[in-house]
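To start, the structure under review is shown below, and the notes come after it.
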Amino acid sequence: MSTKKHTKTHSTYAFESNTNSVAASQMRNALNKLADSSKLDDAARAKFENELDSFFTLFRRYLVEKSSRTTLEWDKIKSPNPDEVVKYEIISQQPENVSNLSKLAVLKLNGGLGTSMGCVGPKSVIEVREGNTFLDLSVRQIEYLNRQYDSDVPLLLMNSFNTDKDTEHLIKKYSANRIRIRSFNQSRFPRVYKDSLLPVPTEYDSPLDAWYPPGHGDLFESLHVSGELDALIAQGREILFVSNGDNLGATVDLKILNHMIETGAEYIMELTDKTRADVKGGTLISYDGQVRLLEVAQVPKEHIDEFKNIRKFTNFNTNNLWINLKAVKRLIESSNLEMEIIPNQKTITRDGHEINVLQLETACGAAIRHFDGAHGVVVPRSRFLPVKTCSDLLLVKSDLFRLEHGSLKLDPSRFGPNPLIKLGSHFKKVSGFNARIPHIPKIVELDHLTITGNVFLGKDVTLRGTVIIVCSDGHKIDIPNGSILENVVVTGNLQILEH
C-alpha cells in the first residue's frame with residue numbers, strides 16, 4: 001500500500017540499515033548451517049533449501065518494512081467502486097453453464113490442527129454432523145457434484161507438516177468414491193527468536209515447535225513448487241475455488257463460476273455482510289485506484305473503532321476465493337505476488353522457560369491487488385458457516401440445518417440471522433461439549449444462548465428466544481429431559497436425581 005512514513009534523522013536510518021544488514025547476514029549464515037545439517041537425498045535437500053530461501057526472502061522484507069514503520073494513509077481509504085464489489089443477487093440471474101465445471105478444481109485449506117477445540121490431529125477429522133467429519137462433508141459435496149453433472153472436478157488438500165501424515169492415511173478410505181483427491185504440503189518455515197532474530201531450529205530434525213506453516217498466503221508458492229499448479233493447467237483447469245476446511249458453507253457455486261469466466265476476472269473474493277460478531281473481519285477497500293484487502297492488524301490504533309463500524313465497512317472476507325490458475329503462474333514466475341506480512345507472536349518452552357518467538361505469515365486474500373479484474377462478490381451468509389469453537393459446533397449439529405449430499409441447508413422455517421451462541425470454558429473442548437450436551441437441543445426458534453459453568457443438558461430440550469444459563473462455581477445445573485426454555489435466565493443450582 002502506498003503509505004505515510006514517519007520522518008527520521010539520517011543517523012536513525014543509518015543505524016537501522018546497519019542493524020538490518022547484520023540481522024539479514026546472521027540469518028543467512030544460520031539458514032546455510034540449517035541446510036547443511038540435513039541428511040537428505042538430493043531432491044529432498046533441494047526442496048528444503050528452496051523453503052529456506054523463500055523464508056529468507058520473507059524475513060528480509062520483514063526487516064525492511066519494520067524499519068520503515070509505514071502506516072496507511074487513512075484518508076486515502078475509500079469504499080470500493082460499484083464494479084469492485086458485485087451483489088450475488090445480480091449475478092445469480094444469469095443462466096448456469098454446467099460445462100464450466102470442466103475448468104474448475106476445488107482446494108480446501110487443511111493445515112490446521114484441532115487443538116483449539118481440544119482435539120489431537122488435523123481439525124478436518126473432527127466429527128461435525130451425523131458421523132461425518134469436515135473432510136467427509138467436503139468429499140461428499142464434490143462427489144455429489146460430479147455425479148449430478150457427470151463432471152470430474154478434482155479436490156485438492158493443502159496440508160501442513162502438522163496434518164500431512166494423518167491426512168494421507170485418511171484419504172485412502174475415499175479411493176472407491178467418484179472423486180480425485182490430491183494432497184500436497186505447504187512450506188515449513190523456521191520460527192525466529194524475537195530478541196536475537198535468529199532461527200529457532202538448529203537442524204533439519206529440530207522439534208516440531210521450532211517450525212511453523214506460514215499462513216495460507218503460502219498457497220501460491222506451494223501449489224507451484226509441488227507441481228500441482230502445472231498439473232492442473234495441463235488438465236485444462238483454469239479456476240481454483242479455495243476455502244477454509246472448516247467453512248461448511250463453502251460449496252461450489254455455478255453462478256459465481258460462470259460470472260468469473262464471463263467477466264474474465266482473475267480473482268474473486270466472496271464477501272458477506274458484517275454483523276456485530278464479525279467486526280474484526282478483513283474488508284475490501286479501494287486504495288490508490290486498486291482493490292485491496294484491509295485487515296484489522298493494518299489499521300492504525302486511532303482508527304480501530306471506525307474500522308469496526310459496520311455502517312462504514314459493511315462486509316468482510318469469507319476466505320472463499322476463486323483464482324485463475326494461469327494468472328497465478330504468471331505472477332509467481334515474474335515474482336510479483338508479494339502479500340502483506342503478518343508477524344505472529346508465539347511462545348515456546350525451552351528448559352522450563354517460556355521464550356518469545358515470531359512467525360512471519362501471509363494471507364491469500366491479500367494477493368487480490370495483484371490480479372487483473374479482481375473484485376468481490378457479496379454472497380448470502382449461508383456461504384459462511386465456519387466452525388472455530390464448540391459454540392459453532394452446536395449450531396451446525398442442530399435442527400437449524402439438515403444435511404443434503406454433504407451440504408448443510410438451513411431450515412426454511414427459520415427467520416432472521418443465525419442465533420448467537422456463547423458456551424463457557426467447560427464446553428471449550430469437544431470432549432467436554434459431548435459430555436455436557438450429549439443430545440443437541442432444538443434451536444430453530446432460538447435467538448441467543450449463553451451457558452457458563454457446570455451445566456448439563458438433557459434429552460429433547462427446546463430453546464427459544466433468549467436463554468441464559470449460569471451455574472456458580474461449586475454447583476451444578478441439570479436441564480431435565482423434555483424441557484422447553486423460552487426467554488429465561490437459569491442460575492444457581494439445579495440437580496435432577498434419578499429415582
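Placement of Cβ uses the backbone N, Cα and C atoms for every residue, glycine included.
Feature annotations, reproduced from Swiss-Prot:
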- LYS388: active site (ACT_SITE)
- LEU109, ASN110, GLY111, GLY112, LYS123, GLN186, GLY215, ASP246, LYS388: UTP binding site (BINDING)
- GLY111, GLY112, HIS216, ASN244, GLY245, ASP246: substrate binding site (BINDING)
- LYS123, ASP246: Mg(2+) binding site (BINDING)
- SER2: N-acetylserine (MOD_RES)
- SER17: phosphoserine (MOD_RES)
- THR19: phosphothreonine (MOD_RES)
- SER21: phosphoserine (MOD_RES)
- SER79: phosphoserine (MOD_RES)
- ARG369: omega-N-methylarginine (MOD_RES)
- 448-499: region 'Oligomerization' (REGION)
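A mean pLDDT of 91 is what the model gives for the region 'Oligomerization' (448-499). When the modified residues SER17, SER21, SER79, ARG369 are ranked by how far their Cα is from the Cα of LEU109 (UTP binding site), ARG369 comes first. Residues within less than 8 Å, Cβ to Cβ, of LYS388 (active site) and separated from it by at least 6 positions along the same chain comprise SER116, ASP246. Rounded to the nearest whole angstrom, the C-alpha distance between GLY111 (UTP binding site) and the residue listed as 'omega-N-methylarginine' is 25.
Nearest in space to THR19 (phosphothreonine), taking C-alpha to C-alpha distance over the binding-site residues GLY112, GLY215, HIS216, ASN244, GLY245, is GLY215. Neighbouring residues of the recorded substrate site, listed in sequence order and excluding GLY111, GLY112, HIS216, ASN244, GLY245, ASP246, comprise LYS108, LEU109, ASN110, LYS123, SER124 (Cβ within 8 Å of the Cβ centroid). Between the recorded positions THR19, SER79, ASN244, ASN244 has the most other Cβ atoms inside 10 Å of its own Cβ, all protein chains included.
Between the CA atoms of HIS216 (substrate binding site) and SER79 (phosphoserine) there is a gap of 26 Å. Just so you know, of the binding-site residues GLY111, GLY215, the Cβ with the fewest other Cβ atoms around it within 10 Å is the one at GLY215. Reduced to three states, the DSSP call for HIS216 (substrate binding site) is helix. Taking CA atoms as the reference points, GLY112 (substrate binding site) and GLY215 (UTP binding site) are 10 Å apart.
For HIS216 (substrate binding site), the number of other Cβ atoms no farther than 10 Å from its own Cβ, over all displayed protein chains, is 25. Per Cα geometry, GLY215 is the residue among the binding-site residues LYS123, GLY215, GLY245 nearest to SER79 (phosphoserine).
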